[in-house]
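Asker: Below you will find the structure I want to go over with you.
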Amino acid sequence: MLLFVGLGNPTPDSENNRHNIGFKLIDALNQKFGLSKQKPKFKGLLTTGNVEDKKVYAIKPLTFMNNSGICIRELIEYFKIDAEDVIVFHDDLDLEFGKVKAKFAGSSAGHNGIESIDKFIGKDYSRVRIGIGRPKTKADVADHVLKDFDEDEMIQLEKITKNIIDSMAILIDKKLDLFSSTVNNK
């Protein structure tokens, strides 16, 4: 059993923000694999089903980015999911736009959603970092992550999302380096 988590903020005006790339991945996963209708549970929107013959849960926390860990802890305790079986999709400033890097454990690199999850379940889970690039000045970081993708970026994002979803079998097997290189080289 696996838990996929997409990080984002739950307001309608945040839908196309760079910070909401995790939500977009969960939506694509739900659509591609025909997971159940999203239901409000565990302070998030929860779906369930099978991906590559593996039972999965997928959630978009409704607690806002900085409190995502609360939702995740409740869910893994209820379903008795090990932290090692959690895979989190999130934006990453330190990766070039469109690049993907999957890894197990490690630091939050200043990402508040990851810091919250670390606080509530520890660091031993997988992360799929999706590059949104860094703004030119440090002062612009908050504006950058909360800004909508532009039209060209949305087109690229569709391709990136498709590559990630098409490579799910590799991710489910937790071959994280192979997953990253496969997605980045499609």
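Residue 1 is the first one shown; counting continues down the chain.
Each residue, glycine too, has its Cβ placed from N, Cα and C.
This is the feature table in Swiss-Prot:
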{"type": "ACT_SITE", "residues": "His19", "note": "active site, proton acceptor"}
{"type": "BINDING", "residues": "Phe64, Asn66, Asn112", "note": "tRNA binding site"}
{"type": "SITE", "residues": "Asn9", "note": "site 'Discriminates between blocked and unblocked aminoacyl-tRNA'"}
{"type": "SITE", "residues": "Asp91", "note": "site 'Stabilizes the basic form of H active site to accept a proton'"}
Asker: Are there residues of the same chain, six or more positions away from Asn9 (site 'Discriminates between blocked and unblocked aminoacyl-tRNA'), whose CB falls under 8 angstroms from its CB, and which are they?
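Answerer: Residues satisfying the criterion: Asn17, His19, Asn20, Phe64, Met65.
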Asker: Please give the maximum pairwise Cα distance, in Å and rounded to a whole number, for the tRNA-binding set Phe64, Asn66, Asn112.
Answerer: 10
Asker: Starting from the tRNA site formed by Phe64, Asn66, Asn112, give every other residue of that chain whose CB sits within 8 Å of the mean position of their CB atoms, in sequence order.
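Answerer: Apart from Phe64, Asn66, Asn112, the close residues are Asn9, Thr63, Met65, Asn67, Ser68, Gly113, Ser116.
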Asker: At a 10 Å cut-off from the C-beta of His19 (active site, proton acceptor), count the other C-beta atoms across all protein chains.
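Answerer: Result for His19 (active site, proton acceptor): 22 neighbouring Cβ atoms inside 10 Å.
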Asker: Asn66 (tRNA binding site) has how many other Cβ neighbours within 10 Å of its own Cβ?
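Answerer: Step by step: centre on the Cβ of Asn66 (tRNA binding site), count other Cβ atoms within 10 Å, giving 12.
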Asker: If you count the other Cβ atoms within 10 Å of each Cβ, which of the recorded positions Phe64, Asp91, Asn112 comes out on top?
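Answerer: Ranked by Cβ atoms within 10 Å, first place goes to Asp91.
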